Structures are given as structure tokens and as C-alpha cells.
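J.: Mind looking over this structure? Questions follow.
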Amino acid sequence: MSIITDVYAREVLDSRGNPTLEVEVYTESGAFGRGMVPSGASTGEHEAVELRDGDKSRYGGLGTQKAVDNVNNIIAEAIIGYDVRDQQAIDRAMIALDGTPNKGKLGANAILGVSIAVARAAADYLEIPLYSYLGGFNTKVLPTPMMNIINGGSHSDAPIAFQEFMILPVGAPTFKEALRYGAEIFHALKKILKSRGLETAVGDEGGFAPRFEGTEDGVETILAAIEAAGYVPGKDVFIGFDCASSEFYDKERKVYDYTKFEGEGAAVRTSAEQIDYLEELVNKYPIITIEDGMDENDWDGWKALTERLGKKVQLVGDDFFVTNTDYLARGIQEGAANSILIKVNQIGTLTETFEAIEMAKEAGYTAVVSHRSGETEDSTIADIAVATNAGQIKTGSLSRTDRIAKYNQLLRIEDQLGEVAEYRGLKSFYNLKK
């Protein structure tokens, strides 16, 4: 009764109005699962391949009909007849069917859509929540949210090199309260921006994208919003950055060229100077996490940054690790970073995603489950965060339904878990000496 009888994919739109995949999986019993695939704007060069059509006459070349056809004509034929509960076998079968190291033949977007839909169908068959199916009986930790309330870099037109300025409500007693802290700070920030005559339009991830005078102006404004909402920076709420440094790293000159986003007169820094600058910010402000502070291929820079700040601040590898156990294993071996960002579409299956999270935990690295800038209403990452007890989630600001969908799912999960639910706040940063 749990045997897969049909697999069907269609082209739908993501939060940026670009095509993506939606996949449905059906079983003999009538159990059903649906998965939708996100898409990134700033992507690591080592990520699994997102298959696009390249036909400029249709969606500007971004169509996903090839990936849809690969699901309907190739993957479906291969996995119909499998037990929907055998996630690993199905994921491994798709990886083997693709046969490339980066899923470039069938497309990681095609494979991931099926992987998510299979898990959801299995949970539906067993009549249990997705987080329970994925994580078993020990699922209880609600993640500390990293809320991206200021968008810069490739996520907005704001003249700031850093891609994300985040708040982390670590002092809240529950996830529900953490969400309230964040929402109140978000609205306080909007009032401050309006009072300064700055833009309050939002970027791809729901954060504001005002024309600040620079990074420190952005941080100071966020601190003012935290206080205006009645909270204490460095106690109730900390700050985090996603530098997305690969987006402004000049490979030829081997420098971090802030002029790409901030214009003429902005800084151009060597690796050593980039580390000095990040340390200066950490010493000045209540910063607890920095993502992609160095370029994805600047291994020496990453090791030096970790040596300098790795005991004080969470140093998250996103483009650096691309949710890949090979890169993560090297990072662990060489002492580079102390945390990994987990994006399901960077690697392409739930099985490989869970392997990366497990490897990180075993090495004492934290794992931050993350959205992409091009999202959908699919809330699977909320269930993954709880299923793995990851302790942290990054899923955007306090606006845009594609972001709020994940927060609302976490509220439901917290309610369902009842007294068992744990919100660890600062304790989620077990890689730091605090």
C-alpha cells in the first residue's frame, strides 16, 4: 500500500516570479506528497546544478521544462514501484540515475522536488507530521531564527556590500516569543527608516533595502530598532551578517572589492584586511554570527578568520561548503569555519542534506537550516530544522508570505510538541565559548 504508483512534475513560479518545479508523488494507498524547489540569487560555484532551459524566448531562458520532463519521463519510471518510506534508497537511485558529481544531467532541482515529495508522501502514509517522520521520537528543538531585516548585496539595490543584516532573538523563552521579538523589531525599524526619509520597500527576503551610508549605519539603525522595541542588544537580541563575500571578491586581484556594491570610494581589502575589518565590527557590536565572511575559495583566509574569531563568533560556511560533505570534511580537517549553512537545493536530496547536518554535529560545528532568496510556499525546511534538532533556522524577514510560511509552520510544530518543545536560544551556539 506504500508503493509509489505515480510521480508528476509541473512548472510553477517562485517568489521572484521565476519558474521552478513542483513535484507530486502518489502511492497505492492514496497517500500523497508535494515538494516545491527554491532557487538562489548568490550561488556558490560548487553547488549542485539547477537545470534551466536556456530558451531566451521563454522566461528569459530560466524555464524549467527540461527538469520537469526529466521527472515525468526518466525519474518517475525509475522510482515507481519503490516503497515511499525508503527515502535513502530512492535518493540513491536518483543520484545513480543522474550519474554526475553535480547532478548536472537530470538537474538537482528535478531530483530535490522528488526527494521532498517522497518524504511528504511517506509522512502522509504513516499519518504523522513531516518533522516526526524525518526525525523520529527525539524531535523537540525549535530553532533560533536568523531574521534578515536589512537586505543588501545581490538581494537588493541598496548600496551595501554585505547581503544580509540579521537579528537573532536568543533571549526569548519560546519560539513563539522569539517570533514576536523579531516582528516588533521589524516594525520599529520601519518607523525609524520612515523618520529618516529612507525607503521601506522590501528586498527578495522581506527585509528593508534602504540607502544607508554604509555597513555601520545599518548596524546602528538596527540597534536603535531593537531598543525602540524594548529589547536589550547583546542580551535579548544579537546581530548577524551574511557577507556573501564571494559576490564582491575579485579573483584576479585577490581582493575584496566593496566598490562593486558601494560605488566609487568604497574599500578594497586584502584577505588580511577583510579579517581585520570583521574583527573590528565584532569588537564594536553584539555580533554572534557571520556567514561567508571570506570568499568560497579563499581557504587560507577562512582558516585565518577562524583562528582569529572562531571562539567568539559563529562562522558559517554557505558558498564555502555548499551543503556538501566533501567540502565540510575538508573544513573540519583544516579548521576552517565552525558552522555550516544547510540549503537543500545546494546538494539536491534530503538524504545528503541529513548527512551534512550529522557530520557537522559530530565535529562540533553548528548547522543552520536555510531558505533561498527565491522561495515558495513550501515549508519543508521548518520541519527539517526541528527533525534534526539543528537549533537554528534562516528563513528571511518578517514580511512576504514565502518567508512567513516557514515561521507559521514552526509555530504549529511548537504547539504540537507542547511541553516537550525546547527553544534553546543562546545555547544553540554550542560552538562558541560564551
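Heads up, the Cβ atoms here are built off N, Cα and C, so glycines get one too.
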J.: Looking at 230-238, 239-247, 248-256, which one is motif 'Plasminogen-binding peptide' according to Swiss-Prot?
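T.: In Swiss-Prot, the motif 'Plasminogen-binding peptide' feature sits at 248-256.
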J.: Quick check: of ASP217, ASP318, ASP319, ASP326, which does Swiss-Prot put in the same Mg(2+) site as ASP242, GLU291?
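T.: Within the candidate list, Swiss-Prot flags ASP318.
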J.: Could you look at LYS191, LYS194, LYS343 and say which one Swiss-Prot places alongside GLN163, ARG372, SER373, LYS394 in the (2R)-2-phosphoglycerate site?
T.: LYS343
J.: Of 28-36, 55-63, 136-144, 199-207, which range does Swiss-Prot call region 'Antigenic epitope'?
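T.: Going through 28-36, 55-63, 136-144, 199-207 one by one, Swiss-Prot gives region 'Antigenic epitope' for 55-63.
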J.: Looking at the binding-site residues listed here (GLN163, LYS343, ARG372, SER373), whose Cα lies nearest to that of GLU205 (active site, proton donor)?
T.: SER373
J.: Name the residues of the same chain, 6+ apart in sequence, whose Cβ is under 8 Å from the Cβ of LYS394 ((2R)-2-phosphoglycerate binding site)?
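T.: In sequence order, PRO145, MET146, ASN148, MET166, LEU341, VAL368, VAL369, SER370, HIS371 meet the Cβ cut-off.
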J.: Within 10 Å of LYS343 ((2R)-2-phosphoglycerate binding site) (Cα-Cα), which of the binding-site residues ASP242, GLU291, ASP318?
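T.: Among ASP242, GLU291, ASP318, the ones whose Cα sits within 10 Å of that of LYS343 ((2R)-2-phosphoglycerate binding site) are ASP318.
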J.: Just give the helix, strand and coil counts over the motif 'Plasminogen-binding peptide' (248-256), going by DSSP.
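T.: DSSP classes over the motif 'Plasminogen-binding peptide' (248-256) add up to 0 helix, 4 strand, 5 coil.
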J.: Take the region 'Antigenic epitope' (55-63) and average the pLDDT across it for me.
T.: 97
J.: Roughly how many angstrom lie between the C-alpha atoms of ASP318 (Mg(2+) binding site) and GLN163 ((2R)-2-phosphoglycerate binding site)?
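T.: Approximately 13 Å lies between the Cα of ASP318 (Mg(2+) binding site) and that of GLN163 ((2R)-2-phosphoglycerate binding site).
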